[in-house]
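Structure, as structure tokens:
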Amino acid sequence: MNQKSIAVIGAGKWGQALHFALNQRQKCFITSRTKRDIENFVDLKTALDCDYLVIAIPAQEIRSWLKENFVFKGQKILVASKGIEATTGEFLNEIYASFVPDENIGFISGPSFAAEVIKGLPCALVINTISKKLYVEFEMFFPDFIKTYYSDDVIGAEIAGAYKNVLAIASGICEGLNLGKNAQASLIARGLVEMQRFGKHFGADESSFIGLSGAGDLFLTANSTMSRNYRVGLGLAQNKKLDEILIELGEVAEGVKTSIAIKDLSKEHNIYTPIANEVYQIINGKNPKDSLRDLLKN
Ligand SMILES: NC(=O)C1=CN([C@@H]2O[C@H](COP(=O)(O)OP(=O)(O)OC[C@H]3O[C@@H](n4cnc5c(N)ncnc54)[C@H](O)[C@@H]3O)[C@@H](O)[C@H]2O)C=CC1
Ligand SMILES: O=C(CO)COP(=O)(O)O
């Protein structure tokens, strides 16, 4: 039993599910901006004093959250967010690098709807970190119903986790337009190739894209209305306004902002990312039927 203290920061859907899981083996604290009626809820200062932190706040908020709140005191960090910063195109590990040494940080990835984790249903996840020691330390906190794997491919896991959200939007659009299962499977398969190509450009290990972090999470998210990103796609196919969709959703759909980052990065680095580019354009008003025509043509 690990006697070190651990806290989850961010009490959204994923933060609460991870807190439930990590609280099985030993006491796990949780904190958020507003006080919540959750077991072991503490204020931010108490959470930041813990030895291990699991940070589950939306990707676009991380830089400002770190600047405003974080003081490094040797804590070991597990990042649970999946996204790329839209304003800069920086990956989360690049943002965290200014605040935490690389050997103190890991990224959790893989197929994991919070709604299932919080019920204790089984799943398999990857802890991605350059430090095998850090993996072993975090692994000990996870309950029996979560199988953890080790990978040192931080950038691969990060890109896969972020990119699949954009592809889930595309898949939701496909479903919403009633294009059929053939089209959807083709889109998801080509999406997997696309995100692997993108990842390879930034030094990711190609094999990460066919494992839990890539195909695993993509197949989950791009095939289920449990995914917020998928539901954004369904709404876009019905010609709903993005603002309206996001208000109705009431939770984060990282693929929306991540599509901006991918569009900018692929342009800057000359990477072929046709599906993500069409998602970006649909979000910005292009008719999804025109996008379909352009995807089939090019
Ligand atoms: N929900 C899921 O099944 C999974 C979510 N994730 C990822 O986890 C991250 C969080 O997602 P969810 O918890 O599901 O979203 P959510 O929308 O349910 O909750 C987000 C939480 O972040 C907090 N937050 C927002 N801005 C903040 C700020 N500036 N400072 C502090 N806290 C802030 C909100 O108060 C809220 O509690 C996302 O990157 C998501 O992609 C990853 C795996 C599974
Ligand atoms: O990342 C997730 C599951 O692994 C959750 O996906 P959504 O954010 O689309 O719901």
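Including glycine, each Cβ sits where the backbone N, Cα and C put it.
Marked as active site, proton acceptor by TrEMBL: K164. Marked as NADPH binding site by TrEMBL: W14, R33, K82, A114, R228, V252, E254. Under the heading substrate binding site, TrEMBL lists K82, R228, N229. Summarising the annotation, TrEMBL assigns sn-glycerol 3-phosphate binding site to K82, G110, S112, K164, D217, S227, R228, N229. The NAD(+) binding site annotation in TrEMBL covers A114, R228. For 36-130, the entry in TrEMBL reads domain 'Glycerol-3-phosphate dehydrogenase NAD-dependent N-terminal'. Among the features that TrEMBL reports, domain 'Glycerol-3-phosphate dehydrogenase NAD-dependent C-terminal' is placed at 153-288.
For the binding-site residues G110, S112, S227, N229, a Cα-Cα cutoff of 10 angstroms around W14 (NADPH binding site) retains S112. Taking R33, G110, A114, D217, R228, V252 as the candidate binding-site residues, the subset whose CB lies under 6 angstroms from any atom of ligand 1 consists of R33, A114, V252. For the pair G110 (sn-glycerol 3-phosphate binding site) and K82 (NADPH binding site), the C-alpha distance works out to 10 angstrom. Between the CA atoms of K82 (NADPH binding site) and S227 (sn-glycerol 3-phosphate binding site) there is a gap of 13 Å. Taking every pair among K82, G110, S112, K164, D217, S227, R228, N229, the residues recorded as binding sn-glycerol 3-phosphate, the greatest CA to CA distance is 16 Å. Within 8 Å of the centroid of the Cβ atoms of K82, R228, N229, where the record puts substrate, the same chain has further Cβ atoms from N165, A168, T221, S227, V252, A253, E254, G255. Rounded to a whole value, the Cα-Cα separation of S227 (sn-glycerol 3-phosphate binding site) and A114 (NADPH binding site) is 10 Å. Of the listed recorded positions, namely R33, K164, R228, the sparsest Cβ surroundings within 10 Å are found at R33.
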